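Asker: Relevant sequence annotations retrieved from TrEMBL are reproduced here:
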TRANSMEM  6-26  transmembrane segment
TRANSMEM  38-60  transmembrane segment
TRANSMEM  141-158  transmembrane segment
TRANSMEM  178-198  transmembrane segment
TRANSMEM  210-231  transmembrane segment
TRANSMEM  243-267  transmembrane segment
TRANSMEM  274-294  transmembrane segment
TRANSMEM  300-319  transmembrane segment
Amino acid sequence: MQKQNNLKWMSLIALILQTTGIVLLLRYSRTRKGERYISSTAIVASEFIKGLICVVLVWFENDCSFPRLFRKLNEEIYGKPSETFKLAIPSGLYAIQNNLLFVALSYLNAATYQVTYQLKILTTALCSVFMLRKRIEKHQWFSLCMLALGVAFVTWPSSDEVAKRAASHVQRSWFQQFIGFGAVLMATLTSGFAGVYFEKILKTGPTSVWMRNIQLAIFGTLFGLVIVYVFDYNAVMAKGFFQGYTTIVWIVVFLQAIGGLIIAAVIKYADNIIKGFATSLSIILSSVVSYFVLNDFTPTAFFFMGTMLVITATFLYGWEKKVKVNPSTNQERI
């Protein structure tokens, strides 16, 4: 019991650090001075590293035996082509989503991005209703409405911003912010559908989550290379695949790679309330660092109201009614 509790809190801390770190460091890496790296190559690198990590985890599952590992990989990937190719759809969507998030953090500060991206809860809920026939409770529908309202507050421009947008010299800045919000919204749509699709696959077979992530990584790497070829071929040929890579960029790549694995651990050892707690703390930490360290964010009254609504909605959506049994009457009470 104590071990389970320790794993729960370890997964919580890991999720907070990963969620906050990836947003802040990615934002810093995209706005720092110096040679800029190609974001599409970073996606390929992170998918490849994620695949390697999952291979190591499957190796541990098979008693650290290389023959058993190779046999397992052959059975689950090469031996079941139809099952493997099912992962092509979410892999393609995740590749698009990850590239959109790099675009978003090139134009939005970390705090605004963090809050706005929570709309993925709404898109995931809607996809769950239509694809998994999942029943959404009344309090969850209320929280989704609260979430949408909170994001609207966060993205609502202040009076100073409205006045600035009227000036011609900041039209470009306004357009870039519009691109950032558009990228986040598109990412929430792909995240919702891909997440529910992947959940449906996980629940329809005995294949482990690590093996499924290997399959995701294979297609993710291939789709990522296609995106590199289509959009950044000339740049890669001119200065190389890893141009502009620094220690910060490699940390971003690593954090991107382990993100899905940490969430899997949270789902296994914790619950939705803990995940919501981690998300809320990450939003607060991102806002503080964005304001005091990156100096690219000035909170407004609308932002504070919107953030509180989003954090409350996150907790409310993950809240589950506890069913208690009365031992004297053996009746269930909520």
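Keep in mind that glycine also has a Cβ here, set from the backbone N, Cα and C atoms.
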Asker: Six or more residues beyond either end and a Cβ under 8 Å away: which residues meet both conditions relative to the transmembrane segment (38-60)?
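Answerer: For the transmembrane segment (38-60), the far contacts come to 30, 66, 69, 72-73, 95, 98-99, 102-103, 106, 208, 210-211, 213-214, 216-218, 220-221, 224-225, 227-228, 231-232, 235-236, 241-244, 249, 252-254, 256-258, 260-261.
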Asker: So what's near the transmembrane segment (210-231) in sequence-distant terms, Cβ-Cβ under 8 Å and 6+ beyond its ends?
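Answerer: Residues packing against the transmembrane segment (210-231) from afar: 38, 40-41, 43-44, 47-48, 50-51, 54-55, 57-58, 61, 72-73, 76-77, 84, 87-88, 90-92, 94-95, 99, 198, 201-202, 241, 260-261, 264.
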Asker: Same-chain Cβ contacts of the transmembrane segment (178-198) under 8 Å, 6 or more residues past its ends?
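Answerer: Distant contacts of the transmembrane segment (178-198): 87, 89-90, 93-94, 96-97, 100-101, 103-108, 113, 116-117, 119-120, 122-128, 131-132, 155, 212, 216.
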